[in-house]
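This report concerns only the one structure given below.
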Amino acid sequence: MSAKEVKFGVDARDRMLRGVDILANAVKVTLGPKGRNVVLDKSFGAPRITKDGVTVAKDIELEDKFENMGAQMVREVASKSADAAGDGTTTATVLAAAIVREGAKAVAAGMNPMDLKRGIDLAVEAVVADLVKNSKKVTSNEEIAQVGTISANGDAEIGKFLSDAMKKVGNEGVITVEEAKSLETELDVVEGMQFDRGYISPYFVTNADKMRVEFDDAYILINEKKLSNLNELLPLLEAVVQTGKPLVIVAEDVEGEALATLVVNRLRGGLKVAAVKAPGFGDRRKAMLQDIAILTGGQAISEDLGIKMENVTLAMLGKAKKVMIDKENTTIVNGAGKKADIEARVAQIKAQIEETTSDYDREKLQERLAKLAGGVAVIRVGGATEVEVKERKDRVDDAMHATRAAVEEGIVPGGGVALLRASEQLKGLKTKNDDQKTGVEIVRKALSWPARQIAINAGEDGSVIVGKILEKDQYNYGFDSQSGEYGNLVSKGIIDPTKVVRTAIQNAASVAALLITTEAMIAELPKKGNSGGGMPPGGGMGGMDF
């Protein structure tokens, strides 16, 4: 085990504080509509330019082990805020640095760190209660667009794309962000349920130009097993032919004489049919087939349930207004499932998302939820260069998470004003002793920093701006640093999702309180480099003359 270096008390906190400040100073310049860019060096390829706080924080690694520990703890604040709300990472970093800075002074002055922590916790509870009380529900598309615009650093186009996407796929729908191959940013919406399996044979194609199968008013057979025996299928095929409607078969696989017969019938025009492999694997496949069954009002045919293929009737098949199948994907639009059944399934999947501990499972469950609940929207971000596209994609990602958070918990005025107003509520907060009171005061001072920093980044005097905002009692009154004017921020469209502001202060205070109560730090000593000994003389190949 290698030797360790140990630092105590003031010495430990000073080194840690230096690391916190280095990281916070790099991140805070990105805050607000007039925040600056940060350029990150990459080991290969062009440098990356970003205005995303968490991206900057994740790129910082300091040489001094103790400084680095402080920086990494604050980086954790940014990461946690990004995970929980998808935005507010810079605000959280600024708050954490301010609380640590003031807290370290109080500890140095001889106050009890544990009481300071209790005071900080009391203050945060009061702030969260105030935010929730003043939060306003998001109802219109316009408000969703405003949230997206603010989070994308004032890019109204991104805000509009996001509100359009949410309008089309619903609040539960999946919105994914990809890099486009062109200059333009575009929105592509897939309505209904789509899964990543295409037709088994190209002979099923009905639209030769687009190389895809297009059926209207189709029956859908959902089967868990392989289909290779024709005799099993015959009774059902005859029943479907008499209705004159097309049939889509979703099964583990269709092969042998069953596939050959389907293809021949399709080519002769006797039966409109197409076969698709079932999506997913193992238990996930069972669940996805059940989703398709519920969406289309059919039954998943499984031997576990004691249903044999030859006994399947038309009533067991799903139905959909439109089915499109290309080489890679199958899309089912307007399934005939009952609304109540679909809602029950959605609630069940939501409960599973809450319970699961695996990120991979959570992601897959969310995909299933979106497919059932509305659809999938893809925003393809364009730009002139790769660097520009990456920078813009960062902002679209932030904005997407912010709009979701706004729909979830509502909105408060932006520009750091909600936290400023909450700081006023801390003035009369009751505490058990003076040290706890100082803890509350530390949070109260820190809450002015986001508004102050936004003003500083816009070239204004932070203290003057904060003073002027607090002179007025109106909750929504604040400073618009984009235009340099004061006014009602909500009516100007300068708003923050409550969830983003709430997670920022909770995460910042949680990590900052841990840093304040730190009394010792332990790090590995750097290894002393041994100077490598000379190489032994090489044995030449004897007796060889050149």
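Glycine too: its Cβ is placed from the backbone N, Cα and C atoms.
Feature annotations, courtesy of Swiss-Prot:
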| type | residues | note |
| --- | --- | --- |
| BINDING | Thr30, Leu31, Gly32, Pro33, Lys51, Asp87, Gly88, Thr89, Thr90, Thr91, Gly415, Asp496 | ATP binding site |
| COMPBIAS | 530-546 | compositional bias 'Gly residues' |
| REGION | 527-546 | region 'Disordered' |
Checking the spread of the ATP site as listed (Thr30, Leu31, Gly32, Pro33, Lys51, Asp87, Gly88, Thr89, Thr90, Thr91, Gly415, Asp496): what is the longest Cα-Cα distance, in whole Å?
17
Output the one of Gly32, Gly88 that, of all these binding-site residues, has the highest number of other Cβ atoms within 10 Å of its Cβ.
Gly88
Could you say which of the binding-site residues Thr30, Thr90 has its Cβ with the most other Cβ atoms inside 10 Å?
Thr90
Would you count the other C-beta atoms found within 10 angstroms of the C-beta of Lys51 (ATP binding site) for me?
21
What kind of secondary structure is Thr90 (ATP binding site) part of, going by DSSP in three states?
helix
Kindly assign Gly32 (ATP binding site) to one of the three DSSP-derived states: helix, strand or coil.
coil
Counting only residues 6+ apart in the same chain, whose Cβ is under 8 Å from the Cβ of Gly415 (ATP binding site)?
Gly32, Ala451, Ile454, Gly478, Phe479, Asp480, Ser481, Leu489, Ile494
